[in-house]
Amino acid sequence: MAVIPVDRKPLSFAERTYMPQILSGMKITFKHLMAPKVTMEYPEERPAIPAGYRGVPTLVKDPNGREKCVSCQLCEFVCPPKAIRITPGEIPPDAPTRHVEKAPQAFDIDMLRCIYCGLCQEVCPEEAIFLQQQYTMTGYSREEMVNHKDRLYELGGTLPDEHYKWDKKKAAEEHGNAH
């Protein structure tokens with residue numbers, strides 16, 4: 001086995017005292033010291049939320065105030081951390097939407113488990129679940145961080161519906177009395 005000699009030049013006085021590195025660090029520090037501040041006074045000033053922001057998942061109703069969720073449970077199956085729990089329930093025979101097979105009896109989303117990936121919104125065939133632009137979710141206990149069905153509808157509100165699948169009269173007009 002051969003030994004390969006390596007030539008190492010001796011360090012100068014400035015290099016031995018780390019002076020070039022210190023001056024380089026101070027240069028960066030002074031450059032940022034004179035830059036304008038980007039700090040926001042958070043509660044009073046809110047940051048601009050970009051398009052496509054994925055915030056809190058919520059349930060929405062149609063313009064007539066009816067639940068859009070049909071309890072298909074696709075969002076529950078696709079949720080990576082299993083933050084969504086749905087208990088399907090039957091619709092009473094005297095309800096105006098009795099032609100829909102089922103509706104959620106219970107719909108819970110654990111916000112501590114949710115990773116805000118948006119898969120639930122993408123997979124929903126009824127467009128009943130949406131990610132809102134809310135980013136402040138607080139609570140004093142773990143139980144407060146589980147949003148139940150009523151709270152999810154309160155956060156989501158209503159969204160316009162381009163199709164009238166739950167309104168038989170308007171659906172017939174849209175599809176030419178084919179139903």
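Every residue, even glycine, has its Cβ placed from backbone N, Cα and C.
For C75 ([4Fe-4S] cluster 1 binding site), the same-chain residues lying six or more positions away in sequence with a CB closer than 8 A to its CB are I84, I86, L119, C120, V123, C124, I129. Taken from TrEMBL, the feature [4Fe-4S] cluster 1 binding site covers C69, C72, C75, C124.
Feature annotation from TrEMBL assigns [4Fe-4S] cluster 2 binding site to C79, C114, C117, C120. DSSP classifies C79 ([4Fe-4S] cluster 2 binding site) as coil under the three-state reduction. Neighbours of C79 ([4Fe-4S] cluster 2 binding site), defined as other CB atoms within 10 A of its CB across all chains, total 21.
Look at the domain '4Fe-4S ferredoxin-type' (57-89): DSSP puts its residues at 5 helix, 11 strand, 17 coil. Sequence annotations record features per position, and here TrEMBL assigns domain '4Fe-4S ferredoxin-type' to 57-89 (among others).
Panel annotation: around the domain '4Fe-4S ferredoxin-type' (105-134), residues 49, 53-60, 67-72, 74-75, 78-89, 142, 145-149, 152, 155-156, 159, 161 of the same chain, lying at least six beyond its termini, place a Cβ under 8 Å from a Cβ of the stretch. What TrEMBL records for 105-134 (among others) is domain '4Fe-4S ferredoxin-type'.
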Quiz item: Under a three-state reduction of DSSP output, how is C114 ([4Fe-4S] cluster 2 binding site) classified: helix, strand, or coil?
Solution: coil
Quiz prompt | Env. residues of [4Fe-4S] cluster 2 site, Cβ within 8 Å of mean position of C79, C114, C117, C120 Cβ | solution = P57, C75, V78, P80, P81, A83, I84, I109, I115, Y116, G118, L119
Quiz prompt | Under 8 Å by Cβ from C69 ([4Fe-4S] cluster 1 binding site), same chain, sequence gap 6 or more | solution = L59, A103, P104, F107, E126, A128, I129
Quiz item: Which of the listed binding-site residues (C114, C117, C120, C124) has the least company, meaning the fewest other Cβ atoms within 10 Å of its Cβ?
Solution: C117
